[in-house]
Amino acid sequence: MKLSAALLAIAAFANVASAQDCDTPATVSGYSNSALPDPFTFNDGSPVTTAEDWECRRSQILALIQGYESGAAPPEPESVTGTASGNSLSVQVSYGGKSITFNNSITYPSGTAPAEGWPVIIAYEFPSLPIPSNVATLSFQNSAMGKQDSTSSRGQGLFYDLYGSSSNASAMTAWAWGVSRIIDAIESTPDAKLNPAAVGVTGCSRNGKGALMAGALEPRVALTLPQESGSGGDACWRLSRYEEQQGSQVQTATEIVGENCWFSAGFDQYVNNLDSLPYDHHLLAALVAPRGLISYANTDYVWLSGMSSFGCMTAAHAVYEALGVPENHGFEQVGGHSHCQWPSQLDGSLNAFINKFLLGQDVSTDYFESNNQFNGVTWSESQWINWETPTLN
């Protein structure tokens, strides 16, 4: 049986969490808050004051996101086998007497691979941002892993062939699981010539939502690059609702659950009572901390909920600040280009984050900018953030 690094990390933390009596319920009864929930307060109301506290709080947030919207992570597979052939990595996964195989095409840099392998960015379907020539690209067909045709495709795809169509894992959880299995295969397949310690993940639009979820759920992802993910991605549910109330036609939680199966079926019961959620997507992004994260937003498309993305990532940035690594989290928001079309003016921040987190270079990644074009809706930090940012040592 292959024990993945992720499972080892979870098991190691479980011992620490148990010693600290870290309570991680899937839901919290009686919660009500119209503002963005405090990252630095435990479920029981006590404060998060140390970096060790944050590890427990992070586990709480992870449990809540799985309990309310993404669905539970499945049991670990019994085996994961990778086979490298030419420009392809085949991944075979077995569990409960069943097996699935999925193939991933790879574009390699020219020349001889470093001893540790090439850094690699896993792109959902295909990359819509420019990946440097010294970084490999692995194209992951996430829609085959968990179909996203409509709500009627719930429970369909390779993931559900293995774990059953009744699994409450959302399509995005299935995709994140697929990313984890790719990393397992990279770790165990030296012939793939990819560095498992230098893995990024990216996607745009609906796949951008998935890329952020993968970065949050899989701790071996060194750099997360969601692009124009909007509501359900780097935008917060509460803030998107507010934008709609102010007259903007944006994607909201109530709309999104009727559009597709990106979230678990259980999320439906909360979308008309968002104040009952003891988290929002600033806390989803906070799960990535202290690893590298930069998200890209496009204000030309009101549907993407621009104020919500900016405000949500502003709130998430507080966690990076508390951990002493604000430069590890970036945000860039511009207009003047089509949806999922990359504007060259963003090359600087993208290359900086790739150079730092995948190539190990000592470069500045101090990028957090917006054009503040929010269709007439104003972001007011004091309206949404009513908590202080501590220093977590």
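From the backbone N, Cα and C atoms, a Cβ is placed for every residue, glycine too.
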Residue among C261, C312, C340 that, according to Swiss-Prot, closes a disulfide with C204 = C340
Remark   = Of Q251, Q269, the one that Swiss-Prot places in the same substrate site as K209, E259, W303 is Q251
Ask   = Going by Swiss-Prot, which one of C56, C236 is joined to C312 by a disulfide bond?
value = C236
Proximal but sequence-remote residues of the same chain as N168 (N-linked glycosylation site) (Cβ under 8 Å, at least 6 apart) = G71, A72, S264, A265, G266
Request  = Among the disulfide-bonded residues listed here (C22, C236), identify the one with the smallest other-Cβ count within 10 Å.
outcome  = C22
Request  = List the same-chain residues at least 6 positions away in sequence whose Cβ sits under 8 Å from the Cβ of C204 (disulfide bond), in sequence order, or say none.
outcome  = Y124, S128, L129, Q227, E228, S229, H339, C340
Request  = Would you identify the secondary structure of C56 (disulfide bond) according to DSSP, in three states?
outcome  = helix
Ask   = How many neighbouring Cβ atoms, not counting its own, are there within 10 Å of the Cβ of C340 (disulfide bond)?
value = 17
Task = Translate the DSSP assignment of C204 (disulfide bond) into the three-state scheme.
result = strand
Task = Going by DSSP, give the three-state secondary structure for C312 (disulfide bond).
result = helix
